[in-house]
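Each remark here refers to the structure printed beneath this line.
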Amino acid sequence: MPKILSVNAGSSSLKFKLYAMPAETVIISGLVDRIGHSDAVFTYNYQGTHYKKALAVQNHTEAVQLVTDALLASGAVRDKQEIVGIGHRVAHGGREYTQTTKITPVVQQKIADLATISPLHNPVNLLGIEAFEKLLPSASEVAVFDTSFHSTIPPKAYMYALPFEYYAKYGIRRYGFHGQSHQYIYSEVNRRYDQDFSRKIISCHLGNGASVCAIRDGKSVNTSMGFTPLAGLVMGTRSGDVDPNVLPFIAEKENFSAADIRQLLNHQSGLLGISGVSNDVRDVLQAEADGNDRAKLALQIYVHQIQSYIAAYTADLGGLQTLVFTAGVGEHSAPIRERVCAAFGYLGVKIDAEANQDNDLDISAADSRVKVLVIPTNEELVIARETEKVLDS
Ligand code: ADP
């Protein structure tokens, strides 16, 4: 069976999963964390055994070396050539890449060029691509873009009402992210349920980063992230939507540069910024329970923003059949799901308190007019599927 490696390279981490396709069996999976530090950690799981080692890992090439060595040493592969394809998560595909794409020097250059609009992610995605190119040269490399699933969003939803020349010159528009996750959610709803539940879906990916996606007949028709992954929902440390005029106002008052503003919006805002407690929903819920008013306010804003997008996207879809929660918060936080759903009695949304508490797959009450689901996301599997599809074509 062909083996496909799914890779998600972040600024200081590298996650991997090796699949036997088309069976979609996970052979080995792991993570190099704290890349660039002397106390990095390499963990992997193979045949029920958990392996963990603390060591210095200077850069992504060293991390990839560790991974390729472990693939052989563990027995997951006998020969590197067994790995026919490597699918890389790439954050931004811009206007060019509306589909998964085989990596060539031209594609690599384009991914590098797109760093102007994705400075935090595209350069590190590229580091992963380059390192695997050196260490597993026989495997075909494929780029699976976060933005591609959203290429079906219509212009009325992706254009900003700025002077048109900025769209023409710089490609400034909504792109959307978390595409692999929302795509996976659609595939799971479609696999498990019939058309009465799979034609009008709202997928809420609530992790450290968070986005909502409206999916009609398997296609993204709107999503809350925008030109960058900063827009939309309140996130752990990201602001989500704010009146754009607030930014020059703060810049002038505080004498901030563009970089200072970016730092403020990406790293000091969101749940952390409002609560002053933490970016982690669990900590903020605990602080709220302890009587912290700012934690309570932060959660109210967080939930309200999710509700606003669900309401708007119900209009985009002309109704709602299935509401899905996924990612860290969506999969594990019963109180957040309960609070979000509480606003939608008028749509006939009703959840079963016990099923919700247990994080069951189907948390809707028997008489709910909308199905409410909790589905653990699986971005790596979408990367492997997409890679297989490109290699077969
Ligand atoms: P990322 O967006 O980095 O991929 P995840 O999807 O794993 O992250 O989500 C991480 C976040 O999920 C954490 O920051 C935390 O806020 C939240 N989380 C995880 N478990 C729980 C839980 N049991 N209750 C509430 N929030 C949780």
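Just so it is clear, glycine is given a Cβ too, placed from its N, Cα and C backbone atoms.
According to DSSP, D146 (active site, proton donor/acceptor) is assigned to coil rather than to any helix or strand. With a cut-off of 8 Å between CB atoms and residues at least 6 apart in sequence, the same chain places R89, V90, A91, H92, G93, G176, F177, H178, G179, Q180 near D146 (active site, proton donor/acceptor), listed in sequence order. Annotation comment: TrEMBL describes D146 as active site, proton donor/acceptor.
Here TrEMBL flags N8, E379 as Mg(2+) binding site. Less than 8 angstroms from the CB of E379 (Mg(2+) binding site) sit N8, R89, Q180, S181, Y184, each of them six or more residues away in the same chain.
A strand conformation is recorded for L206 (ATP binding site) in the three-state DSSP classification. Per TrEMBL, the feature ATP binding site maps to K15, H205, L206, G207, N208, G209, D280, V281, R282, G328, V329, G330, E331, H332.
For R89, the entry in TrEMBL reads substrate binding site. R89 (substrate binding site) is surrounded by 23 other CB atoms, counting those within 10 A of its CB over all protein chains shown.
The DSSP secondary structure for H178 (site 'Transition state stabilizer') is coil. What TrEMBL records for H178 (among others) is site 'Transition state stabilizer'.
Feature annotation from TrEMBL assigns site 'Transition state stabilizer' to R238 (among others). DSSP assigns R238 (site 'Transition state stabilizer') to coil in the three-state reduction, placing it in neither a helix nor a strand.
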Filtered binding-site residues, from R89, L206, D280, R282, V329, whose Cβ is under 6 Å from an atom of ligand 1: D280, R282, V329
Surrounding CB atoms that lie within 10 Å of the CB of N8 (Mg(2+) binding site), all protein chains: 21
Largest separation between Cα atoms (Å) of residues that the record links to ATP, namely K15, H205, L206, G207, N208, G209, D280, V281, R282, G328, V329, G330, E331, H332: 24
10 Å Cα neighbourhood of R238 (site 'Transition state stabilizer'): matching binding-site residues from K15, L206, N208: N208
Cβ neighbour count within 10 Å of V329 (ATP binding site): 26
Nonlocal residues around R282 (ATP binding site), in sequence order (Cβ under 8 Å, 6 or more apart): S333
